[in-house]
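A.B. asks: Grabbed the feature section from TrEMBL, which reads as follows:
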type	residues	note
REGION	1-35	region 'Disordered'
COMPBIAS	16-35	compositional bias 'Basic and acidic residues'
TRANSMEM	48-68	transmembrane segment
TRANSMEM	80-104	transmembrane segment
TRANSMEM	243-262	transmembrane segment
TRANSMEM	283-304	transmembrane segment
TRANSMEM	310-330	transmembrane segment
TRANSMEM	342-359	transmembrane segment
TRANSMEM	371-389	transmembrane segment
TRANSMEM	396-421	transmembrane segment
REGION	460-482	region 'Disordered'
Amino acid sequence: MAAKSDGAAVAACLAEPEREQALEQARESGRRGDAEARAGRSSPLLDCCWVVCAMLVFFLDAATDLWLAADYYARRDYWWFALTLVFVAVPSTVVQVLSFRWFVYDYTELEETEERPREELEAATGEGGDCHLLGGSKGGAGGGRGGGGGAGSRTLRCCRACMWLFQSAVHILQLGQVWRYVHTLYLGVQSRWHTEPGHRHCYWRLMFETADINMLRLLEAFLKSAPQLVLQLSIMIHSRHILPLQGLSASASLVSLAWMIASYQKVLRDSRDDKLPMSYKAVIMQMLWHLFTIGARTIAFALFASVFQLYFGIFIVAHWCAMTFWIIQGETDFCMSKWEEIIYNMVVGIIYIFCWFNVKEGPARFRLGVYYSVILVENAALTAAWYIYRGQQTSDFYALIIVCVVVCSYALGTFFMFVYYCLLHPDGPILGTQWSCVEEGMGVIGLGGMDLGTPLPQPDVITSPPRTLPRTTGGEREPGVGDRDSCLPVFQVRPQSVPTVPSPRTPKTEGPVIRIDLPRKNYPAWDAHFIDRRLRKTILVLENTSPVTPRIQYRSLSSPKEVTEYETTV
């Protein structure tokens with residue numbers, strides 16, 4: 001049975017536990033093929049160091065901006081002080097409000113789940129293979145262990161009140177991101193030390209928390225760091241004098257931008273079972289790519305804005321409108337509703353003012369080439385306009401040095417981009433023989449002797465647990481000659497020659513199944529269970545009440561029987 005709620009229907013089915021062992025043997029061959037992909041996955045120590053470095057980048061960016069604002073105030077540059085402080089306070093407040101809103105939703109749902117008796121929770125999840133509803137605005141979520149409203153209710157209420165006060169104080173002090181980073185480290189340690197099933201539950205929560213903090217930090221980077229970088233460069237060019245704090249603040253903003261773009265791409269790939277993970281070598285190379293291209297872009301902006309303030313504003317608005325229209329025309333599929341999708345496209349249009357950001361499934365070479373060709377022309381035009389109409393106080397030698405910095409920075413960024421795609425892209429090198437199946441948004445892996453012409457099965461169940469857990473993959477349509485879906489699955493190859501294994505099309509053979517009445521979103525979009533917080537709660541409550549890892553089953557368009565079943569349920 002499935003239940004619809006805001007476009008998604010969730011049902012949980014507990015399968016026969018005695019058949020899990022047989023299916024584990026069937027997945028063993030797929031896990032052998034996945035060993036190569038996971039061999040390059042980073043160690044927990046590297047993951048921990050990455051989170052700590054991310055916190056340091058956050059503190060460095062915020063501290064240098066505030067320090068510079070205080071310095072402007074001490075120098076009686078009240079106009080620069082006001083602009084610098086506005087570009088710090090307003091974006092930070094927006095991010096804190098969004099973060100606190102997510103906490104309110106998650107913690108409210110957690111309280112409602114804990115107040116339900118343990119018997120009611122077990123009845124909701126069902127026993128013996130029967131399907132029961134786990135959806136709706138209140139009943140389909142929960143991250144606690146159930147059974148909260150008995151003896152100790154007064155202590156529990158006191159703890160909840162302390163948590164509300166603590167989170168309110170944290171977000172008022174603009175430290176919501178710091179708390180989420182600390183919580184991510186805590187969950188990482190817990191998932192490392194716990195045994196099953198606590199390990200699985202902590203790892204799910206770790207993936208969700210990591211996705212949240214990266215979404216928040218990416219939004220903050222382009223609302224705060226990018227405008228701050230352009231502002232400080234414009235001040236330096238306008239005053240023809242560089243203060244040490246100005247250089248430090250601009251450098252911190254630039255590093256924050258490059259860091260968050262690369263980190264976002266890594267976490268997004270790690271969250272999807274149909275994508276190969278990104279190594280830290282690739283992440284560093286992507287950081288250098290964006291560091292130098294954004295650096296050249298912002299210097300060109302600052303040069304032009306120092307001479308043509310009004311025309312610079314017109315240029316930014318025109319570029320944003322053109323990029324937003326281009327993104328909308330590409331028909332992205334990130335959000336759960338049409339209006340949310342339009343708002344998302346408008347935000348991505350702001351990102352496109354500074355750098356490339358892949359938002360569409362499929363070959364990215366043409367779109368990437370078009371974008372960077374446009375950026376090259378714009379940078380050249382902006383820099384040339386400044387060089388021609390600069391003031392007399394700027395010498396030719398000084399002007400030529402700045403122009404060379406813009407050119408060399410853009411050239412270095414392009415070089416690192418080619419290194420990333422040619423050598424370190426997770427799907428394989430751009431010059432390899434498998435390029436027909438390897439694009440941004442696709443994946444391929446060796447098969448260990450399996451014939452390429454063998455038709456592949458199309459399992460209906462798609463799972464997205466952490467990468468240390470078993471998973472299966474499947475397409476939404478039949479593979480065809482020359483089609484991108486004819487590429488072999490990344491994490492599992494299940495030949496049809498396995499005779500003793502029951503078909504995975506039966507939804508009651510591998511433990512709890514969370515059925516979502518939506519087709520699965522294509523990469524580079526987040527899966528629905530990462531952006532829909534009700535689905536998150538359903539996953540967490542099943543992790544707590546079932547000894548078997550729940551699987552995520554999206555609506556399969558390739559199976560008429562499955563579509564009919566979804567259409568006839570309420």
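Note that the numbers count up from 1, one per residue, in the order the chain is shown.
Note: Cβ is positioned from N, Cα and C throughout, glycine not excepted.
Nobody curates TrEMBL annotations by hand; they come from automatic prediction.
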A.B. asks: Mark yes when the transmembrane segment (283-304) and the transmembrane segment (396-421) have three or more Cβ pairs under 8 Å (sequence separation 6 or more) and no when they do not.
C.D. replies: yes
A.B. asks: Count the CB pairs under 8 A between the transmembrane segment (283-304) and each of 48-68, 243-262, 310-330, 342-359, then give me the winner.
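C.D. replies: The stretch with the most close Cβ contacts to the transmembrane segment (283-304) is 243-262.
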A.B. asks: Determine which recorded stretch among 80-104, 243-262, 342-359 has the most C-beta pairs below 8 angstroms with the transmembrane segment (48-68).
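C.D. replies: Between the candidates 80-104, 243-262, 342-359, the best contact partner of the transmembrane segment (48-68) is 243-262.
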